[in-house]
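Here TrEMBL flags D23, D25 as active site, nucleophile. For D23, D25, D244, the entry in TrEMBL reads Mg(2+) binding site. Residues or ranges marked as substrate binding site by TrEMBL: K219.
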Amino acid sequence: MKHLTTPADFHAFIDSFDTLLADMDGCILLGNTLIPGVDSTLAYLRSLGKRIIFVTNNSSKSRAAYVAKLSGMGLHGVTEDEIFGSSYAAACYLDETQFPRDKYVYMLGQEGMQAELEAQGFKTCGGLEDKDIKFTGMDDLTSIQPDPKVGAVLCGFDGWINYTKLAKAHTYLQDPNVKFLATNSDSTYPVGSRTFPGSGSLYTPLVASTGRHPVVLGKPHSTMLKVILDKYHLNPERTCMVGDRLDTDILFGKNGGCKTLLVMTGVTKEHTLMSEDNKIRPDFVLQSLGDLAAIAK
């Protein structure tokens, strides 16, 4: 583990990779604010021929929505092809595993998930169309029947989750041929200084009720990294994952054989990194990704 502090450190680090996989929140931005200097760093890396791919566990936003968000914060020129969210990863995974286009994907998710699946030609159901269903008693559940048209259940963040959605997903998953997928296993979602249930907490009732465990696509699981490496034809030894979380971003890179850079602008603090209890050690540590261009130039 090396702390990057001098221009020589920075140049050696930059020379060690061709592609940078960059986490979003806590690394590129904080909420709706771009971290100072990040735009200059990304422009500098691109001028050196480095490829930038933004990797996020967020399943609610489509790639198009992220392009608009980043542009609105002053990070211009980012394309959809440079953004890899967990819903897009799910669509790519379904494509790679030859999921039939005549089957439906039942969603516990929102607009971004639906947009990414349908952009890849997959049929969807559930999601927002089931968000207003009122539960009035157990007798209502008799109308929920197995549906041979449903070939997969995909779980992400769903701000309108309800019992009927879970009951439908549970019913479809009784068929062992129906795929069980999850965009990520994040148990909590940080909001300011507090946390709330994340996507991983929303699918756990289905694990309990069905006895099945989903294929989890997002960080730190290697499924999404394999999809990224295959899609962009990347060499993991010449790829670096940068992020602010040890247990997702850094572990994600390590699981795929990539170099790893931890930035201290988000969740991880110095005392956590240096604790004897911490078993996840990044290859490199930097105070902020925004420092890279200023010191390396």
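From the backbone N, Cα and C atoms, a Cβ is placed for every residue, glycine too.
Any TrEMBL annotation is an automated prediction that lacks curation.
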> Among the recorded positions listed here (D23, D25, D244), which has the Cα closest to the Cα of K219 (substrate binding site)?
Replying inline: D23
>> With an 8 Å cut-off on Cβ distance to the D23, D25, D244 Cβ center, who else from the chain surrounds the Mg(2+) site?
In response: M24, G26, C27, I28, G243, R245, D249, V263, G266, V267
> C-alpha of D244 (Mg(2+) binding site) to C-alpha of D23 (active site, nucleophile): distance in Å?
Replying inline: 8
>> Using a Cβ cut-off under 8 Å and a sequence separation of 6 or more, which residues in the same chain sit near D25 (Mg(2+) binding site)?
In response: G31, T56, N58, D244, G266
> Other than its own, how many Cβ atoms are within 10 Å of the Cβ belonging to D23 (active site, nucleophile)?
Replying inline: 26
> If you draw a 10 Å sphere around the Cβ of the residue listed as 'substrate binding site', how many other Cβ atoms fall inside it, taking every protein chain shown into account?
Replying inline: 30
